[in-house]
Number of protein chains: 2
Amino acid sequence: MKDFAGTPGTFTGLVLRVSQCLFAAGSIASVVTAAGFFRYTAFCYLIASMGLQVFWSFALAWLDSYALVKKKIIHNPILVSLFVIGDWVTATLSLSAAASSAGIAVLFYRDLGVCHGDCLKYQMSISLAFMSWVTIKTSALIMLWILFTG
Amino acid sequence: MKDFAGTPGTFTGLVLRVSQCLFAAGSIASVVTAAGFFRYTAFCYLIASMGLQVFWSFALAWLDSYALVKKKIIHNPILVSLFVIGDWVTATLSLSAAASSAGIAVLFYRDLGVCHGDCLKYQMSISLAFMSWVTIKTSALIMLWILFTG
């Protein structure tokens, strides 16, 4: 299997996983400190999705660190298939959660001209969720490439 | 390049493209007949995204039909790269548009308990948009596989 920037067990792969984790954790932190977020299903879905993202990315970051320290190769086809499934599921959930929350934010901010609770915190949370999606999508594409090219 | 179900120039490939077209056109038809859709940015974005989907899928359906009738092979690497980019862009836009509209629909229907205009039409439109996304995502994955495996 190929070994290039972003693949599992490389420093860039670890950086990608840590970024996903930090963006997702930032998104959760931003939305839970906003007043009344629990009244909106979309924001609760955002928290659930970003929570799953933190959990998944943290596990893979830990695995990358272990592979880096022990100088182990983790390009096993079964492991890579699992990474592909996990990455694609979390990427799809992250994008849909970020987009549905963005729909609500645009509705309040632009369409209705009202801002319930802490608008800026919602916007910050959504931006961080989109950044988390960009990094997980990058990982997902790299994983798919490794899987398809063997 | 590999030739299996769903690849460009095959009957299943054509069926996928026609399905994408029909689901996206159905989604637009459903939302534009609902009263007051233009007041919500998310629904306008859904129409724009589904419109692009119809245009893209119709062009590729036409190309598939041409390849089937003339028995031409259209697995040229440059063409496949273009298909990959187009499919991934339209798939991402479709999912984000469907999810942001779903966010609004859930807000009205469940969180606020109010249904502005034709709720059922909005729900039908969002369901069709998600079905369109499933079919375009399938095409996108097949294209990526063709590109990566050469």
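Glycine residues also receive a Cβ, built from the backbone N, Cα and C atoms like all the rest.
For B:7-134, the entry in TrEMBL reads domain 'Casparian strip membrane protein'.
Residues 46-47, 50-51, 53-54, 57-58, 61, 94, 101, 104, 116-118, 121-122, 124-126, 128-129, 131-132, 135 of the same chain, all 6+ positions outside the transmembrane segment (B:21-40), place their C-beta atoms under 8 angstroms from a C-beta of that stretch. Annotated transmembrane segment per TrEMBL: B:21-40 (among others), in sequence order.
The transmembrane segment annotation in TrEMBL covers B:46-66 (among others). Listed by sequence, the residues of this chain that lie at least six past the ends of the transmembrane segment (B:46-66) yet keep a Cβ under 8 A from its Cβ atoms are 8-10, 13-14, 17-18, 20-21, 24-25, 27-28, 31-32, 37, 72, 74, 83, 86-87, 90, 93-94, 96-98, 100-101, 125-126, 129, 132, 136.
What TrEMBL lists as transmembrane segment is B:78-108 (among others).
According to TrEMBL, the transmembrane segment annotation covers B:128-148 (among others). Counting residues 6+ beyond its ends, the transmembrane segment (B:128-148) has Cβ neighbours under 8 Å at 1-2, 6-8, 13, 16-17, 19-20, 23-24, 26-27, 30, 46, 49-50, 53, 57, 75, 77, 80-81, 83-84, 87-88, 90-91, 94-95, 97-98, 101-102 in the same chain.
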